[in-house]
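All remarks here apply to the structure that follows.
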């Protein structure tokens, strides 16, 4: 109880004390208040009044810490007392709180509130409460430098900037936006910036920046540096053309800015140049303008701005003036030294430089390259190795550049003069100690006198030396710099010459090494050099090195052993720059340092990780078994980073894998495995190789070699050996067969020839054959095919084209045949083949023979192909009847009347053509020309019948003596004499394939003319027979009188030969000529009374010529005429069968006396005046046999042309016309004279021969080329009126008249026969 009372008393006492304190406003804990500047804040202070009773009066005081008097006092209702700093902003809030408006940073601090009760006593120390006011404010400058501040160049300046704020701001300095930090140039501390050593680069704007979390404050100050101007925009190099304006700019800055600009050209004021001051202007901004620039204005221009402070700066630029090339100061005389090289120089001035310089000498262009020893240099000068007098002259040059030229130079005369020469030469070397005197002599002479100068090669010497007037070089005191090479130069207007000497100064320190080279690696450097002159003493070297970024005091010295001139420096840092230099020293001192070489050591190679290479194995390996081996195929890897280089194929038979091929191309996808063992199980796998990386193996493919057969051996060409063997065997078999066939053919041919040699030569025969005009063999050449066709015929060739079977004569008919016909029939049993045309030969005619009986008549026997038939009479020829082959001639018209007509001949008559030979050349005309007396005859005016031999119809209108379209040979007759139409035998190409021309066709019946096949197909002979002569009316000598015939009034065509030269007689014949038989007696001519008229025979002579349709006829040679063969001998009165198949009467003539005194009767006579000296060939044995008088068969030569038309059959429309041939000229004839014309015994007749003058082949050779050959021609006329009769009696031939000669060529039977060597004939006169 007592405790409870004590506690209650204590609590009452406590409560009473607390109430007393509250009532007095006492607070012990301070209060913190924060506000932002510019805002209002309340500082609280509470007053507690008693619960009961009236509140006592009190006074409120607010104190700020640091202010001795209250800033705010309030009592009762009286107005408050406010400190002036708070006036308008402080007021009482509530009972005792203080309200501050628009607080400032200065308002921040501690505030104390006191409440004084007027009715109580209390301790003032304990009375009151505290409040701390915090004001947050952005920075504000309390101190800043001026906006512009000046400083002298070279001095220092400090700029201070102070800022206040809550929290306290941080102050920094910036220049042109760049933060400045403390360095050697700038010092920054507590908002102050100090700039030392002010320069022009320090000028500009400086910024003070104060910042805190409440914001920032910035202040800028411009620093102006007082000093000389600074060039902001210097001038630049420009290029202008001549006569243009140039503009050079220059802009400078300075403080103070009273700038003036001055321009200089080549360090001289532009206004001081006389030629330039009138054309320049300087603008206020410093720009220089040059008007109408000239080439002389080019150069360096300098801009100098100034403001009277310090040293003015300068900036330079170059002006380039472009202009065409020109020549300046061309000397009037050019001196060129004699004996040494010299120069002809052209002083060219051009911008851009000249590209071409052309020279003129004496007004003509000079081609420098054509002068030996002259060279045109790049600058346009001419270098002459050794000038001669040829170089003398006046020279001008014309330079060109891209802008052209200003013209040529002034003329300069070249003068040759002797060059200067040295009279005293310096020595090769001079050695002298340093500090001593030295004199080096040198003297020269020349015209003009040369000037001598001395120069040091390389670095010039700065020692005391001079050149004496005599030319010598004098050193008063030698120094180290005088060491080296010196040259003495003698110069005049001609040229300059030099002489060299070497000066060695001993007793000095070494010279600096040269050519320092450094080769580095990552940690080493190899330093090498070339030693300089040692000064006369032994020298050593040391290498100095340092890092490039170190200072000049960081050089390290490395000694070099005695001898070598290199040093390997190691322990270097990779990828670091080092500097090296070499120093030499001897007993007298050290040399200068060599040049400093800076190098960088190599860096360590950067180790880069190897790229991930993805190598996958090949896919889908398969094995296909074949008979030759195993075909392995696969697919390339699915993913691979690099191209596949190759594949590796492996195989195994057991457990071990072996390599089959390791070079399979990467582009292949298959492999063929061969040469495998039989009955073995193989397993294969493939691997891919890419850049030395091998993939994993592919899948395994297994195959058995049970059915695999080894591949056959192949050759290098890929053929199997059995195939190759078969090919070789086939080739060998064919070769053997060809060889055997060739040998067999040769053997058979040889046997055939032997049989032919053993047989008696049968008489020639004529076969009818029709050849196509379009045959390719008609071009004048004998092809090998035609010759082969004409060889000895076979049975098949004989029967071809002859459908009728052979007919045997009845016994009665055989008994009626005479002995001669039986013999002829036996001989004619020999078979002949006929050459067929390639295109149109349809059938061959039977072989028929014509012969002459003992009575001199021509008889015809049957051939084996068809029986003999009775001949029919021919209109106009009562002595001839038509037989199987040719008309048979009799002495009366009643003999041998045989009404039978051969069927084969009748069938072939319309098909016969006059052109059958494959050659187009001509043979001589026939040997005899029947000519009727030109009396007043009455005959038919035209031909009305059809030509059976040619298949052409004669037009009904008469065409007397018209020229054919193939024969244009005009006759030449005497004045007043009308030439009769010609009567020539048509030409034949080859007797092997020719068709006989037909005589005039009459109503009594036609007849055909067979061809003459050469026996056994052999070639025609080129030999000729002797010529025969028949005297004519006014052209024969007296012994050759014209006989009169009693049958002059008959009506028949007149036949004659012209007296002109035939175009076949050109080349001289070298063939043997058979002799004429003299033993045959002439027979009297039996002429019926009704014969139409007299016939005169002439022997015309033709000359070689081409086919009339092929071109102009060449002129005949003046000499060397052919001798022509004679016809077989016939008795007088008989009708001789000519080549045209008609009867010619043999006329009797008186026998003239033989030359040489040989008289007596003679059967034939020749005019000896027709001969020229010509060798007489000896006849071959075969020809002699043919000329025997016992043989009486005559084979007539066929013709290609019809005797009626004188033109070949062709596709031309209309009938061919008659043509008159030119009269042949006289040639060589047979020497013997005969009183009558005879016919030679039968011989192989051929008119084909080589006609070229150079032909010297054997008689058996036939012409296969297009050379002309002799062909006889025949001309007919159908009107026998209008021929004037020449006066009777002999008359000497007129000058220019020619005698007609015919010739026939015998043909050897075999190819192997050669004619005997010719014998020279007797020379006969040709005049008369």
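In case you wondered, yes, glycine gets a Cβ from its N, Cα and C as well.
775 is the residue among 775, 1202, 1285 that Swiss-Prot describes as phosphoserine.
From the options 758-817, 818-877, the stretch Swiss-Prot describes as region 'Disordered' is 758-817. The stretch that Swiss-Prot tags with transmembrane segment, taken from the ranges 702-722, 723-743, 891-911, 912-932, is 723-743. Note on 1036, 1207, 1307: Swiss-Prot annotates phosphoserine at 1207; no matching annotation appears for the rest, which is not proof of its absence. Of the candidates 241, 526, Swiss-Prot marks one as N-linked glycosylation site, and that one is 241. Note on residue 397 (disulfide bond): other Cβ atoms within 10 Å of its Cβ, all shown chains, come to 24. It is 37 Å from the Cα atom of residue 303 (disulfide bond) to that of residue 346 (disulfide bond). Between the C-alpha atoms of residue 346 (disulfide bond) and residue 161 (disulfide bond), the distance comes to 76 Å. Note: the CA-CA distance between residue 161 (disulfide bond) and residue 113 (disulfide bond) rounds to 38 Å. Secondary structure at residue 346 (disulfide bond), taken from DSSP and collapsed to helix, strand or coil, is coil.
Considering only the disulfide-bonded residues 45, 208, 442, the residue whose Cα is spatially closest to the Cα of residue 397 (disulfide bond) is 442. Taken as a whole, the domain 'Fibronectin type-III 1' (512-604) shows an average pLDDT of 93 in this prediction. Between the C-alpha atoms of residue 488 (disulfide bond) and residue 250 (disulfide bond), the distance comes to 49 Å. For residue 113 (disulfide bond), the nearest of the disulfide-bonded residues 208, 250, 442 in terms of C-alpha separation is 208. Put simply, residue 442 (disulfide bond) is 55 Å from residue 250 (disulfide bond) when counted between their Cα atoms. Residue 45 (disulfide bond) is 43 Å away from residue 208 (disulfide bond) when you measure Cα to Cα.
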